[in-house]
Amino acid sequence: MVLNLIFLGPPGAGKGTVAQAVADKFSLAQVSTGDLIRAEVASGSELAKELQEIMSSGGLVGDELVAKMLEAKLKALSEEEGFSGIIFDGFPRTIPQANELENILTRLEQKLDAVINIESSEENIVKRLSSRWTCSKCKQIYNTVTNPPKVEGVCDIDGEALFQREDDKPDTIRARLAQYNEKTAPLIEFYKEKELLKSYDGNVPPAESIAAAEKLIESIKEGQ
Ligand SMILES: [Zn+2]
């Protein structure tokens, strides 16, 4: 039985951890467009030269090229013995990409089984991501929730002051989150209309979030 899934979730919702755990448990291949591009460049193919030119000029690899690589990868994976499905990581990000993915899967006589959406409150994400503090001298990283320094605001190693990097500040996190929501909202609507969207509450510790995702996937498999 084949299971093709997309994972959606804001930065800090633990999407990477959950997707990895689910991929291991259900023997699914994880496909990310970043990995695809890197692998293609490393292969030295005709396309690799084109990709290298685009990236060295600071450009973004267009949807058409990504789709071409994705289709080749999915075809190869689906022909492997014991193929049991794919988790798409970081793709699609837009409606045109979602349509393209559907076309590719149809050509390969495959389909998307579900889009798993990890819901996480802004408050939780800000709390999770803004807990990171860095030593101003030795750059040691602390997490005020999971790995706090012995004395608040002071490095255990050299006694120097800890500071928050721009990326770890609540305001920066909130801005990134707003950007994510704006970009992903249409995608959530798109998959909701297709009755593929399965959301669960990700405002829980990582182990519980993984368990919730696994339970959800078990129920999808039962319904197949
Ligand atoms: Zn230090």
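Any Cβ shown, glycine's included, is placed from N, Cα and C.
Sequence annotations record features per position, and here TrEMBL assigns ATP binding site to G12, A13, G14, K15, G16, T17, R132, I141, Y142, V204. In this structure, Y142 (ATP binding site) is part of a beta strand by DSSP.
What TrEMBL lists as region 'NMP' is 32-61. Sorting the region 'NMP' (32-61) by DSSP state (H, G, I as helix; E, B as strand; all else coil) yields 22 helix, 1 strand, 7 coil.
Residues annotated as AMP binding site in TrEMBL: T33, R38, G59, L60, V61, G90, F91, P92, R93, Q97, R165, R176. Other C-beta atoms found within 10 angstroms of the C-beta of F91 (AMP binding site) number 20, with every protein chain shown included. DSSP assigns F91 (AMP binding site) to coil, not to a helix or a strand.
Annotation comment: TrEMBL describes 131-168 as region 'LID'.
The domain 'Adenylate kinase active site lid' annotation in TrEMBL covers 132-167.
Long-range C-beta contacts of C135 (Zn(2+) binding site), restricted to its own chain and to partners at least six residues apart, with a cutoff below 8 Å, comprise I141, Y142, C155, I157, D158, E160, A161, L162. Classification of C135 (Zn(2+) binding site) by DSSP places it within a strand. TrEMBL lists C135, C138, C155, D158 with the feature Zn(2+) binding site.
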R132 (ATP binding site): nearby binding-site residues from T33, F91, R165, Cα cut-off 10 Å: R165
Those residues of the chain, 6+ apart, with a Cβ under 8 Å from that of T33 (AMP binding site): V61, V66, M69, L70, G90, F91
Integer Å distance between the CA atoms belonging to G16 (ATP binding site) and R93 (AMP binding site): 16
Confidence summary (mean pLDDT) of the region 'NMP' (32-61): 86
From binding-site residues G59, C138, R165, the one whose Cα lies nearest G14 (ATP binding site): R165
Candidates V61, C138, C155: member of the binding-site residues with the richest Cβ shell (10 Å): C155
